[in-house]
Every structure is written in structure tokens, then in C-alpha cells.
């Protein structure tokens, strides 16, 4: 048996596999063939994933009903609808990929594209809360002095990053960092689809190279989002909206989703899933990755249902509890004003 160097092992893990699966499932079956040859484990996992996705969609419909009836501003309503659709859309795409193994790549690309778009939406929602970029910068310069740049994803590598003096152009640069991420991701998605449909499995290396090239764009978008949210989170205006809760849910979901793909890919090439029984090794790993994505989407939807109830967030300004809180705050303000004048 020939021994290979650690470098050769790493190259094989990135571009090929350590398994010798000749004579087994080399081609990904069509959905009809796949569904006819399911084992008990696959049947049970598909049943669970379908039920969980139905639950996620039902909760999402409930969210959309509350958003429609209890949010006044149409543009704010649109932003929140787009964010509320993240988990159910990702769950549905993952479920479709479980039933149709050949579309796993398309499912992953579309989900990743939507996550990148959601980063920009969360910043647009922040700007809307403060009535635009100029109003946000004005309030920040009145109450804050520095911009927090020691934030993920670079704070772990550079924990001693200094605070930067707050300026309007720096906030604009952060916004542009976030905005470029979905644009670059859209271009990368289109190029990836061309490579995949043209070269199939032979396009693996170009796809990995493309992911590596576009990684700085994604990291810049995430970094810009974290800088803005971390800096603005110190302002009292955001507390009643629970905006930071919305951001943390999206951020954590995106992080887990993004890390799962390379982890499951590495495990499959290392041999953790064997040669596969119904599907090839790589597709078997992505099948289970999609299963976990469905579960994660449900957890995110359920947590958001509990933490972002209309009675707890000022986003739902037409909800009775929110109106009563607003009237109470205005009464306190009037009393303070009267006392100051006397």
C-alpha cells in the first residue's frame, strides 16, 4: 500500500476523496429512482423533514399575518416580510433538495444568495428606523464618539482592534460593504450555475476557486453589518424594537448554514458517510446537511415567534399593547416637559 504525504492527502480531500467507491453509486439518481429505492432511515428522515417544514411554513404564515395587520409603514413592512421569509424559504429549498438530490447545488446557491440579500435588508431596516442615512449619522454623532470595529468575523483574529472615530463617510463605507455582498454573490451564483451545468462533476475545482475568490466579498459584507449593528446597538431607540434580536437570529442562522457546507463536504471526502447506500458519498452528506438545515430553520422560526411577539416589539406599532406603551411614554414625556417649564 502506497503512503501519501499530508499535502497530497489535503489536496485529495479538497478536490477528490480518500474513498475508493468504484462499482457503487457513481451517478446521482433522478428523483423518481431515488424515491423508489429509499431505505427506512431515508423514509423516516424525509417524513420528519416534511413535517418540520410544514410547521415552519405555518409559523411563517402566522408571522406574515401579524406583519400585515400590525405594521403601519409599507416599506418597513416589506423589509420585515423579506426577513421573515428567510427561514421558510431556506427550509423549503432544503426539503426540495432532499426529495430531488440532483438539485442540491441549486438549492444551496439560492439559499446563500438570499442570505446575502438579507444582510442588506437588515441594514435597510436599520436606516428606516432612523429615517434614513443622514438622520442616522446625525443621531450617532450626537450620542456616540467611536465606531466599534472589533466585531466578527475578524475580532477573533485581531482582538485588539482600536475604536475608530465616528464620521459620516465611515458609516457610508460600511453600508457599501454590505451592499456589495449580494451583488457579488448574484454574479458568483450565475457563474457557478454555468460551470456546474456545463462541466458537472469536472467543474468541482473551478467552483472551489470561485468560492475562494468571492469569500472576501462575503466577509466584508458580514463585517460591515456587524460594525453598523454593534455601534448602533448602544442607542436607546433600538431597544423597544428588539432589532438586535432580529439581527442575531439572522446572523447565527447564516453562520451555521455557511459552515455546514464545507464541514459536510470534508466529512464525505474523508469517508464519514462511506460510499453511500442510495446516493453517492458527497450527495449523501448534502442530504443530511439539508436535513439539519430544515431543523435549524424551524428552530429559528420558533425562537423568533417567542422573542418577537407583537406585544414585545415596537415594529408592530398598530398592536394594542404597542399603542398603550407609546401613549404611556408620551404621557411621561409631557409630565417631564411640564416639570421642566415650572
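Cβ atoms here come from the backbone N, Cα and C positions, even for glycine.
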Looking at 26-46, 110-130, 131-151, which one does Swiss-Prot call transmembrane segment? 110-130
Residue 48 vs residue 162, membrane side identical per Swiss-Prot: no
Ranked by Cβ pairs within a distance under 8 Å of the transmembrane segment (209-229), the first of 51-71, 80-100, 244-264 is 244-264
In this predicted model, the topological domain 'Cytoplasmic' (312-342) has a mean pLDDT of 59
Dominant neighbour of the transmembrane segment (51-71) in 110-130, 177-197, 244-264, 291-311, by Cβ pairs under 8 Å: 291-311
Other parts of the chain folded back onto the transmembrane segment (177-197), taken as Cβ under 8 Å at six or more residues beyond its ends: 105-106, 109-110, 112-113, 116-117, 119-120, 123, 203, 206-207, 210-211, 214, 217-218, 220-225, 228
